[in-house]
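Colleague: So TrEMBL lists these for the protein:
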DOMAIN    69-105  domain 'EGF-like'
DOMAIN    107-147  domain 'EGF-like'
DOMAIN    150-209  domain 'VWFC'
DOMAIN    213-384  domain 'VWFD'
Amino acid sequence: MSEDDVRKLGSTCGLIGNVVAWYKVKNSIDGNVAVVESSPDICPGHNCSTFSCHCSALSVVERSMCDKTVDACSSNPCKHNQVCAELDDGKGLCKCDGYEGRHCEFDIDECVTGEHACSHICVNTLGSYKCRCPQGMALNLDNKTCVDASYCIQGDFAYLDGDTWKQDCQQCTCEKGFITCSTPLCQDVTCPQGQMVEHNPGDCCPSCAEEPLQCHLFTNGTLITFDQLVVPFVGRKVYTLFQDCVNGDFTGYLDASSNPRSVRFYIHCLSVTIYDNKTVLVNSHAVTLPHQETSIVKVVEVENHTVQAQTHHGVVLQLKTDGSFLVSAPKKLSMHMCGLCGNMNGDESDDLQTRNHIPAKTVDEYVNSWKEYKIRAGLPESCTLVPRRQKVRAEKVCRILQGRGFDMCYRQMRRPYDFVTSCKDAMCSCKGNELCFCDAFLGFRLECEKNNITSDYLPERLQKLMLLCESRCPPGMTFMTCGPLQNRICPRTDIPVYGILKTTSCLPGCFCPEDKVFRRGRCVDTSLCG
């Protein structure tokens with residue numbers, strides 16, 4: 001205390017009570033002041049209160065009730081709203097933030113001392129500082145660094161000030177160096193009869209779509225194609241389940257060779273494998289559910305112990321823990337599909353087509369044609385499980401493709417021996433059909449003709465065998481080395497047609513004449529469509 005404070009205190013209430021902090025009085029830190037506990041002259045005429053002992057005590061008992069020790073921080077000695085902390089010895093200590101001095105009475109200029117984080121311009125304020133940026137720049141969200149206001153950076157992309165773009169269903173804008181994005185509000189969707197709400201990965205809002213077509217495989221080995229053809233399935237290998245045979249955008253496989261059973265599909269360089277124990281691998285790495293890969297595919301666990309994968313094409317694949325599966329595909333993919341699940345053209349009678357789109361004679365031939373084979377010591381895996389007689393016959397027939405006279409074709413092909421392996425696999429897999437090699441032989445000839453090498457240059461024995469293959473076409477159908485990807489069918493209003501017949505791709509197989517359409521397993525006149 002100053003000298004005036006001591007005199008003022010002495011002339012009024014003395015030094016007893018809470019006029020000053022008790023530790024100051026007790027330790028006489030403000031001068032040579034003696035504490036008189038029995039002074040009768042403390043504030044005569046005033047009453048005692050719980051907050052003040054500025055009173056006149058008439059008795060020792062009353063005086064002892066008025067005396068109390070006062071907290072050193074009760075008078076808040078710290079300036080600029082700084083915090084006072086009481087120490088163990090009863091003293092108070094001001095904790096200064098942006099200030100200095102015993103009572104935080106002096107401001108610190110952080111811009112001078114260098115105690116700031118501004119990247120460009122520092123402006124001192126009372127107790128703190130602010131950062132500013134030069135012209136053409138804007139203060140970043142951290143309020144410390146400056147960014148160029150003429151463009152924005154997001155990932156590997158740069159946008160000029162004022163640019164707008166769409167990203168993950170958000171409308172984004174570059175504003176003075178900063179990116180702001182807003183999500184559109186989706187309206188409730190009510191679909192008419194025959195349609196359902198669809199919300200594929202990559203779609204910002206749900207929409208209405210025709211109810212999809214479905215392919216099922218049940219635990220009893222019953223396969224039902226997209227066109228509702230019922231096929232017995234007892235395969236124990238890896239098979240092409242469904243495939244985009246027009247654009248090649250996706251392929252789905254069923255692996256029935258192992259336990260647990262799995263399905264996997266490839267889409268835009270992405271591999272997703274789902275096991276019936278609910279394990280999911282994305283590009284060979286295990287993931288937890290739910291999981292989404294950008295806007296391409298989303299994998300979730302749904303009810304009834306089922307894992308579901310949905311692609312932005314609208315293809316939905318569900319695998320249950322009992323090994324059964326369901327594949328749903330929108331009708332816009334009609335006549336794009338091939339595989340064990342069929343071609344999805346609305347006609348179940350032509351679903352039993354082999355990989356090369358040739359009608360299969362038996363269900364076994366159909367199933368085995370979609371098998372993915374493995375090579376073991378020069379033979380497909382299927383040839384290691386058959387009698388020696390059947391194996392020798394496969395080697396003998398398929399060796400024709402390795403004979404002399406194929407040099408011209410081999411020089412033009414990337415993988416010519418794939419046809420030999422495919423031939424052996426077919427010969428070892430199918431039973432009761434002597435023409436199992438036809439798919440491989442006809443595919444080989446087509447590949448030669450694509451490179452301007454006609455069948456006239458092929459060995460005579462191969463030509464005879466291929467003529468035998470051509471004779472397998474059903475009545476009314478003709479064999480074409482380079483036919484369309486799909487037989488012409490009766491036009492349907494519920495299934496869109498995408499002009500597949502105009503594509504440059506072609507396949508060998510049995511097809512209806514140009515003036516006929518394929519209906520109910522045979523070629524008929526267009527007038528019978530109805």
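Positions of Cβ are set from backbone N, Cα and C atoms, glycine also.
In TrEMBL, annotation is done automatically, which means it is predicted and not curated.
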Colleague: Excluding the flanking five residues on each side, which residues at least 6 beyond the ends of the domain 'EGF-like' (107-147) place their CB within less than 8 Å of a CB in that stretch?
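Modeller: For the domain 'EGF-like' (107-147), the list is 80, 97-100, 176-178.
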Colleague: Can you count helix, strand and coil residues in the domain 'EGF-like' (107-147) using DSSP?
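Modeller: Across the domain 'EGF-like' (107-147), the residues distribute as 4 helix, 16 strand, 21 coil.
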Colleague: DSSP says what for the domain 'EGF-like' (69-105): how many helix, strand, coil residues?
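Modeller: Each residue of the domain 'EGF-like' (69-105) counted once, the result is 0 helix, 10 strand, 27 coil.
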Colleague: Mean pLDDT over the domain 'EGF-like' (69-105): what is the value?
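Modeller: A mean pLDDT of 82 is what the predicted model shows over the domain 'EGF-like' (69-105).
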Colleague: Over the span of the domain 'VWFC' (150-209), count residues by DSSP class, listing helix, strand and coil in order.
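Modeller: Helix, strand and coil residues of the domain 'VWFC' (150-209) number 0 helix, 30 strand, 30 coil.
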